[in-house]
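Colleague: Feature annotation from TrEMBL assigns compositional bias 'Low complexity' to 7-19. Per TrEMBL, domain 'Response regulatory' is recorded for 61-177. Summarising the annotation, TrEMBL assigns domain 'PAS' to 212-262. Summarising the annotation, TrEMBL assigns 4-aspartylphosphate to D112. The region 'Disordered' annotation in TrEMBL covers 1-44.
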Amino acid sequence: MNQKNDSAASSTLSRSTLRGCRRVTREQPPLLRNSTSNPFEEKNFDVPIPVSATEEPTDVQILHVDDDPQVLELTREFLERTDDQFSVIGETSAVEGLNRLQEEEVDCIISDYDMPNTDGLEFLAIVREQYPDLPFILYTAKGSEEVASEAISAGVTEYMQKEASTEQYEILANRVRNAVERYRSQQQFWNALSWYHRLVEQDIAGVFILQDGEFVYVNEQLANILGYMRSELLGEPPHSIASTPSDEEVLSDLMDAVDDRNYTFNRTFTGERADGTEVPVEVHGGSIHYGGEPACVGILWRTADS
């Protein structure tokens, strides 16, 4: 049955090529391209991330490493008072900090620089080997331009010098909050990207995009389900895979998603394969933008009856 979801929230994900994916900057997000031997013009499109994939935790677990227990307690008290979503764990050495990092989920590390045995920069280098993107704030009373430069080169997220005023804790809290928000957004992006990679390119389900009344993208699994080559489906109208007039009506409803950004659908119909045999399928989807123009994306798979 058609569903109008006026409150549907969606994000968008772009991807340049799902095969051989590489890290990219947030300023230049990758784009998913239609990879086929058919001589259709290659286009870029944005794919909506499911709302459940974009939900973020609210609590923030902070690991604070400093060889001075009084500094640990004072910082914990101010940070947790500043933001009730903060929970601060204190450790007095880099070794203890690493052990705690292995045991618990940590969203951000705050570390002193001048510590015995292993200093803050050495601690940062060890953390980066296992957690290359985890927010790490070097928070020290004995900093210098040289230390700051080395920290930046080693991949520190923020560098901050301790001060005598209590205002520094508000600044520190803001930096923690911003760093964790960026980190979670990045993790969300890559998790969603991995999900779409598996879905589109690893034959988990059939994926298609409709625009201007025709298929402009189909993946290999969709072609396999319907018994076609991918190039045979591109440029064809959706009713070309319908078995009966009533199934054609179901597929024509998909085009409503093109004009309504909040439109979603979940329908079953009987498809007709290239050899004329029937295949019961289910399709889910909604509206997207493809090449800067409205379109609809759908995910299709065989039902249990088939």
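Quick reminder: no glycine exception, Cβ is built from N, Cα and C everywhere.
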Colleague: In this predicted model, what is the average pLDDT of the domain 'Response regulatory' (61-177)?
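Modeller: A mean pLDDT of 92 is what the predicted model shows over the domain 'Response regulatory' (61-177).
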Colleague: Reported in the order helix, strand, coil, what are the DSSP residue counts of the domain 'PAS' (212-262)?
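Modeller: Summed over the domain 'PAS' (212-262), the classes give 28 helix, 6 strand, 17 coil.
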Colleague: Let's check the environment of D112 (4-aspartylphosphate): how many other CB atoms sit within 10 Å of its CB?
Modeller: 23
